Amino acid sequence: MGAPAGSGSASGPTPPERFWSLPPRDLFARLATSPAGLGAEEAARRLARHGRNAVAESQRRHLAARVLRRLAEPLVAILLVAAALSGLTGDWPGFAIIAAVVAVSVALDVAQEHRAEAAAAALRESVAVRATVRRDGQPIALPVEEIVPGDVVELAAGSLVPADGIVLESRGAQADEALLTGEPYPVPKRPGPSGAAGPADAYDALFAGTAIVAGAATMLVVATGRATRLGDVAAALAARRPPTAFERGLRALGLLLLRLTIFLVLFVLLAHLAFDRPALESFLFAVALAVGLTPELLPMVATVTLSRGALRMAARRVVVKRLAAIHDLGAMDVLCTDKTGTLTEARIVLRDCTGPDGASPSPRVLSLAALNAGLAGGIRTPLDAAILAAAPPEATAGWTLLAEAPFGAERRRSSVLAAHAGRPRLLVVKGAPETVLAACTAVESPAGGAPRPLDEATRAALLARAEARGAEGLRLLGIAWREPAEAEIAADFGPENERDLVLAGFCAFLDPPKPSAAGAVARLAAAGVRVKIVSGDAAPVVRHLVESLGLPARGLMTGEEIARLDARALAARAEACDLFARVSPDQKRRVILALKARGHTVGYIGDGINDAPAIGAADAGISVEGATDVARGAADLILLAPDLGVLADGVEEGRRTHANVMKYVRMGTSSNFGNMLSMAAASLAIPFLPLTPAQILLNNLLYDISEIGIPFDAVEREDLAAPHAWDMHAVLRFTLVMGPLSSVFDLATFAVLLWGFGASPGEFRAAWFVESMATQILVIFLIRSGGPVWRARPPHPVLAATSLGALAVALFLALGPPAQALGFAPLPGAVLGAIAALVVLYLAAAEAMKRVAVPGLPPA
Ligand SMILES: Nc1ncnc2c1ncn2[C@@H]1O[C@H](COP(=O)(O)OP(=O)(O)OP(=O)(O)O)[C@@H](O)[C@H]1O
Ligand SMILES: [Mg+2]
């Protein structure tokens with residue numbers, strides 16, 4: 001995709017290391033652009049030259065590359081060697097079969113995976129982060145990957161910085177550069193040139209991978225993709241993402257089977273050679289065994305099952321950005337959520353504005369609040385929008401913004417410095433009542449006289465009053481002001497100026513609870529997922545919401561308490577606590593980590609700038625369609641509707657996916673494994689090969705095909721009822737019960753054939769081929785459910801078709817016209833009858849034993 005073409009004329013030399021030391025004018029000239037941005041044609045040319053603005057190679061590989069990658073796998077390579085040897089020794093059927101096995105399994109693998117991944121990628125793209133870019137003078141929304149050097153990008157609070165560049169304009173912009181500098185507090189950004197020595201001091205530079213957390217800014221893009229400062233770091237981070245529990249489980253299983261395979265194959269090969277069997281034949285037999293044993297389809301099945309899961313989730317309005325997160329969603333047993341939007345309607349309205357007493361209505365407080373909300377740059381928060389919707393338009397008339405200190409979630413205040421002809425300058429602060437009060441030294445008197453000093457008794461009374469109103473479910477903002485002296489220069493304006501304020505009063509907001517939330521929480525609880533609320537809002541508001549929704553909730557912790565606890569103490573407390581109030585963004589993250597440390601699989605759903613760290617820390621990070629870019633960027637899953645019910649559906653889908661992967665794992669570890677094991681043993685006990693190498697490969701190919709339908713299959717209700725963890729012990733237990741069971745029947749088959757019927761090698765192979773195909777394939781209908789087979793939900797038609805179809809082909813090959821060419825001899829009716837009886841007996845035994853193999857199932 002968009003490989004950089006080495007086309008001729010460059011539009012400017014590569015930007016200097018310290019691009020922030022150049023005046024914007026020079027950079028505009030170097031990059032041949034202007035404040036109106038690039039033209040569409042020039043942008044397309046630059047995209048071709050510089051490549052896409054992405055740090056990692058595109059995940060979607062070419063079809064040809066995929067095929068080549070498969071052919072280079074050691075196992076396939078061995079098979080190709082085996083085919084060549086068969087051909088050289090004149091064994092043409094052997095050659096044809098091996099070649100066919102390679103061709104069909106590679107084709108299956110590639111086609112399935114490619115299709116599934118392409119569909120999942122298309123979904124992912126639909127929720128990709130976009131940026132507002134000026135092209136031909138007009139701001140348009142573009143995929144971040146299409147940004148090129150010279151572009152002018154408009155950013156607002158919540159935007160991810162898409163590339164490296166300089167600030168052209170700033171309206172109180174602050175960037176979170178923790179990724180770059182490790183500094184957790186946002187840094188102000190304004191135009192330069194700063195001439196700074198390093199990126200950490202470059203107040204006029206913005207870097208890809210950081211985020212705007214307050215205010216708004218316009219930037220000129222200087223470098224994109226891998227050329228950005230964090231490009232290589234980000235690429236390395238993306239590549240080194242620690243594997244999830246699911247991926248670790250799959251890998252452990254693969255490794256276990258691989259070790260067993262190597263051991264067995266070497267053992268068989270050496271034993272055969274020790275018994276003086278023909279070397280080439282023994283080698284081919286061992287290779288075929290290895291192919292039969294290796295879970296070569298496991299990665300494909302996992303990808304296809306997960307991709308199919310992603311499509312089904314999309315139908316239920318959950319878009320999956322990281323495939324393995326489906327599994328984490330199903331395994332999640334604790335869900336943390338913020339309040340607004342998921343538990344409330346997020347239709348915030350201003351209920352009233354009052355004086356400090358919280359009772360007498362105050363138009364003046366509304367005007368001050370409107371001044372703060374209306375003059376502030378950046379995107380409007382819902383609270384700001386509610387204030388402006390209620391305020392008369394003339395509230396801000398004549399006022400201009402001199403400076404501002406935008407809202408910060410750690411500070412919980414926002415302020416503006418405003419000017420009006422013929423009036424003193426006015427500083428207006430609004431924010432959480434206790435944080436505003438903390439900056440106040442005086443309070444307006446209800447009668448409207450001169451402000452009086454704020455004494456401790458009044459302060460306590462005001463706080464108690466605010467708390468009481470919060471307990472009615474009202475979200476409160478304190479409004480305070482002061483008239484700064486001219487000497488306080490606007491350029492240095494910042495949070496330090498929020499001092500010596502006069503409290504004017506309070507604005508109270510209503511955000512109605514979402515009635516559907518109670519049902520969704522109950523559904524999640526029934527599915528074994530405990531819901532915890534982690535909110536930046538005040539404790540009484542959170543408690544009132546929980547009560548009005550009738551949610552079961554124990555305990556409440558505030559950010560103040562969390563700040564006093566170390567990680568271990570927090571883990572102990574967080575476990576038993578369902579409500580967290582007045583928590584800062586970093587504390588949200590700490591709560592998630594604490595719960596993870598207790599062994600929980602934790603999900604977090606949120607939409608704000610303040611939720612991004614917690615979303616990133618969670619096992620399943622969830623955001624919603626309309627959320628800020630930072631939240632969506634950090635999330636693994638995006639809900640297309642901000643609704644917990646949608647999430648409950650997603651959890652179900654995650655568990656369905658897991659259950660289907662487990663079916664494949666069980667098939668592979670029990671019946672298939674048992675069969676191959678028996679064959680290895682038999683090859684030593686009987687004087688001829690129980691199956692020729694080509695027959696084994698054919699057997700394995702048909703078995704693989706029979707399983708293609710598994711990702712489509714329905715699952716049982718009990719598989720959806722509780723979170724599952726990837727449990728290697730359970731897999732092992734299943735293998736240790738079901739593997740030997742199938743071996744017992746294999747040995748019985750050998751005995752019957754050899755001693756009962758005195759079968760010839762050709763007859764033995766035909767009979768054994770039929771028996772092993774029938775047992776391996778049919779057992780899926782039993783182990784696809786834990787309960788009695790007659791009570792299970794019917795298998796999906798695709799699964800029935802692939803399984804029974806593969807079996808029919810096997811019977812046709814072993815018993816029909818092609819039999820002789822494949823080295824099978826015709827079977828007498830008595831042998832067929834005996835085999836049918838053995839298969840039925842095996843299936844009955846497997847049905848009985850699966851209850852032992854899967855612990856914790858109710859008796860039939
Ligand atoms: N625009 C604003 N100006 C001033 N103060 C604000 C503003 N927005 C929020 N606050 C204050 O900061 C507190 C935390 O707000 P925020 O909405 O970020 O928390 P949150 O965790 O996202 O809440 P929720 O759980 O409801 O989603 C609010 O309770 C309010 O007191
Ligand atoms: Mg929020």
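Positions of Cβ are set from backbone N, Cα and C atoms, glycine also.
Caution: TrEMBL annotation is automatic and unverified by curators.
Annotation comment: TrEMBL describes 18-91 as domain 'Cation-transporting P-type ATPase N-terminal'. Look at TrEMBL and you will find 250-271, 283-307, 734-758, 764-783, 795-815, 821-844 tagged as transmembrane segment.
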Using a Cβ cut-off of under 8 Å, list the residues of the same chain at least 6 residues beyond the transmembrane segment (795-815) that approach it.
698-699, 702-703, 705-710, 712-714, 766, 769-770, 773-774, 777-778, 780-781, 784, 822, 824, 826-827
Over the domain 'Cation-transporting P-type ATPase N-terminal' (18-91), what is the model's average pLDDT?
82
Which bits of the chain, at least 6 residues beyond where the transmembrane segment (764-783) starts or stops, bring a Cβ under 8 A of a Cβ in it?
663, 666-667, 670-672, 675, 679, 686, 688, 690-692, 695, 699, 702-703, 706-707, 710, 738, 742, 745-746, 749-750, 753-754, 789, 795, 799, 803, 806-807, 810-811, 814-815, 819, 823-827, 831-832, 835, 838-839, 842-843, 846-847, 850
Quick check on the domain 'Cation-transporting P-type ATPase N-terminal' (18-91): DSSP residue counts for helix, strand, coil, in that order please.
45 helix, 1 strand, 28 coil
